[in-house]
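Feature annotations, courtesy of TrEMBL:
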TRANSMEM  A:66-86  transmembrane segment
TRANSMEM  A:98-117  transmembrane segment
TRANSMEM  A:123-141  transmembrane segment
TRANSMEM  A:148-172  transmembrane segment
TRANSMEM  A:242-270  transmembrane segment
TRANSMEM  A:307-327  transmembrane segment
Amino acid sequence: MRKVLTGFLIYGLPIPLLLYSLTVGPSQGLVFADYWDWGKAALNGGIHENSTKVYMLNNIIENVRLPRVLLTFIIGAGLASSGGALQGIFRNPLVDPYVLGISSGSAFGAALAIAFPLLHINVMAFVLGVASVIMTYSFAFSNNKSSIVAVILSGMIVSGIFTASLTVVQYISDPYKLQAIVQWTMGNLHHASWDKLNTAALPVGIGIVGMYLMRWRLNLLALGEQEAKAVGVNPTADKATLVALATLTTSTSVAAAGVISMYGLFIPHLTRMMVGPDNRKAMPANIFFGGSFLVIIDNFSRSLMDFEIPIGIFTMLLGAPFFLFLMKKNKINWV
Amino acid sequence: MTDVAIEVENLSFGYGKTPILERVDVAFPANRFSVLLGRNGSGKSTLFNIMAGLQKYQYGSVKLMGKERSKMSFSDCARVLGFLPQFHKSVFPFQVKDVVLTGRAAFSAFSPKKSDMEKVGQAIEELGISHLADRPYTELSGGEQQLVMIARVLVQNPRIILLDEPTNHLDVYYQTYVLEKLKKLTENDLTVIAIMHDPNMAFLYADQCYFMKDKTVVTPTEAFDYHDSNFLEYVYDVHFTTVQVNNKMMVVPGRKIN
């Protein structure tokens, strides 16, 4: 019974959820009958001959909600699978994609682009996200070796440098730009468009598929470097590939939707509670459930209040108590 | 020369300027249970790491079944040799069968085949831990974990198994259990080489013992065999009294020398 339920949550939920999410939004005065009319018209292919209401609804769904829901789904899937992969690589359940410095690097890049419009925000966020991971890694290596503690420590320092730099940019920006920067760092999806989706889909897709293919290798890495070498596998190449895939996915997500912190931390924990630690099952669960859950959060964030709550903030407000509740209930003790 | 599993010739190694191994010459016979003994810091683990390929070496040669180790790739090496490192901890509560399955990673790159699962079944059956297959590895006792790790090495189908202190932290029951299983493995065309600390356990189970002292492998002179207390005193810097139990030589440690 439990198995069926988790199976449904992971694999059965996404499609109906995505369809339902198309009907969620702040637009007033739309009732179920309108969606029904739209659905019929869409099936008959005769939207343009139909009433203005159907035409308008079609516009909302096709150009506003559909790209937004799809973008939300791939970002959720990307952050969750990156988190799961990084926790395995670093054998540390406290790690999430932002520990390597990606978020603060990207946030600083985006802030620069907003304050001094020389380059595109997405490009800057991506470039600085990748740069911060490279920095984290190069600081952590000494004598061709790097310990897990060194990597995480170095990530925190790099993060700190970029956060400080971000504050400097905020400090010298005029109020209008400052507002844009602050909004961006809170994470937002209300600028979602087909353009953004098209830019993000390929890199995130590559990242997700790559991590999915490596899911069994991840089990091996999670047991430790010496243990991998002991059974004849050089873990360095596998690790580098997975970190690169996770960085690509995360920095693209941050570029598209701003900073959504903690999401990559707690979704892998939720899926481990559902399907266990074996990454052969946990990785697809991260992808599908990670996507669905962010769509659910986003549905709330745009329908709960008159104004839209930024997704990054709302993820914390909604996700964190839920996670704490599960943590208490399941009594997970990490050694 | 198929009767030698690992041949080490004139091997020297050091970290920076600190020498760890100096001119080591030793040959481990095939299909035997060999044990390497010696004091802490005498270079046992380093020698093992070099033989297992975890550590590169420059001076001297190490041959696995007649082939130079440094010229073998990781996965070639995995076909010949399985290695059980000293410390193993898992953070994630993987099931035992999933832990054992990772032993096949050098052979099935992206997802395990059905034959891999069968090998896992055989290995845990052989070690008598089939009942643990679905348990989380992190919840097992030290002795059970050690058996799981040995099963993980076995699924590689290696010709040689190196174990770094397989009986460490185990109670007498599991020490005996593990050593009996290791001894039995040599009957199936396997070479087992282990580092151990207790000379008496080694004398009880090993076909052959080797000793390390001052960065190299030392052999007793012709007149003395290694059960000789003088030789053991030289190796361990401790006085020994020898006793005879059921035709087996045992040693009882006494005062330390200096």
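Any Cβ shown, glycine's included, is placed from N, Cα and C.
Keep in mind that TrEMBL annotations are predicted by a computer and have not been checked by a curator.
Residues 100-110, 112-113, 147, 150-151, 153-155, 157-159, 162, 243, 247-248, 250-252, 254-255 of the same chain, all 6+ positions outside the transmembrane segment (A:123-141), place their C-beta atoms under 8 angstroms from a C-beta of that stretch.
Using the rule of three or more Cβ pairs under 8 Å, pairs at least 6 apart in sequence, the transmembrane segment (A:148-172) is in contact with the transmembrane segment (A:98-117). The largest share of C-beta pairs under 8 angstroms with the transmembrane segment (A:98-117) comes from A:242-270, of the ranges A:66-86, A:242-270, A:307-327. For the transmembrane segment (A:307-327), the list of distant contacts is 26, 72, 183, 185-190, 257-263, 266, 269-270, 273, 293-294, 297-298, 300-301: same-chain residues at least six beyond its ends, Cβ to Cβ under 8 Å.
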